[in-house]
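J.: Sharing a structure here in structure tokens format.
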Amino acid sequence: MHKLNVLAALKWYGVALLVILLDQITKNVASHMLVLHQPEPITSFFNFTLRHNFGAAFSMFHDAGGWQRWFLALLAAGVSVLLIFWIAKLPKQKWMEALALALVLGGALGNLYDRMLLGYVVDFIVVHYKEHEWPAFNIADSAICIGAALLVWDSLFGTKVAKYGDAK
């Protein structure tokens, strides 16, 4: 088992902070420049549409009556604490895993900030094809998805680290 190495993890916490900042800046701009539920076309398949998501990813639980705010906030906070420790325990060779976890951490904290401050998460990016529309999302959601994809990629193709930290 690896010891906590908070100093080595600082760069990954910096990545998470960058995600939070980009997420909050873009949400702030969207909230001030867009009208709620009114699409602003960018391309034939992409637009910005301000939405307030009271639920989870892809608007799950959006009409659950209010309990979901606290449940999802507690879940995000718990996962974030776990990720902070996980990142600090990773050996230096596991940089892709650390990057992936930092992206997930930044995304989780970006959405947690919204949920605690506003009671909902600001979404504004919409991809669509004809009448079919993907649920609205934001930079935090994108970071979480990219981080999850990197975790899968790393688990399948990444550098394996032996018990004592030697790369195989």
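Please read every residue number as a count from 1 along the shown chain.
Just so it is clear, glycine is given a Cβ too, placed from its N, Cα and C backbone atoms.
According to Swiss-Prot, the protein has these features:
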- 6-26: transmembrane segment (TRANSMEM)
- 70-90: transmembrane segment (TRANSMEM)
- 98-118: transmembrane segment (TRANSMEM)
- D123: active site (ACT_SITE)
- 139-159: transmembrane segment (TRANSMEM)
- D141: active site (ACT_SITE)
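Context for these features, please: burial, neighbours, distances.
T.: Only residues 6 or more beyond the boundaries of the transmembrane segment (98-118), in the same chain, are considered here, and those with a CB under 8 A from a CB of the stretch are 9, 12-13, 15-20, 23-24, 27, 52, 69, 72-73, 76-77, 79-80, 83-84, 86-87, 90, 138-144, 146-151, 154.
For D123 (active site), the same-chain residues that are 6 or more apart in sequence and have a Cβ closer than 8 Å to its Cβ are L50, R51, H52, N53, P135, A136, F137, N138, D141.
Within 10 Å of the C-beta of D141 (active site) there are 21 other C-beta atoms, taking all protein chains into account.
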J.: Reduce the DSSP letter at D141 (active site) to three states and note it down.
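T.: For D141 (active site) - judged by DSSP and reduced to three states - the answer is helix.
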J.: For the transmembrane segment (139-159), find every same-chain residue at least 6 residues outside the stretch whose CB is under 8 Å from a CB in it, and list them.
T.: 19-20, 22-23, 26-27, 57, 93-94, 96-97, 99-104, 106-111, 121, 123, 125, 167-168
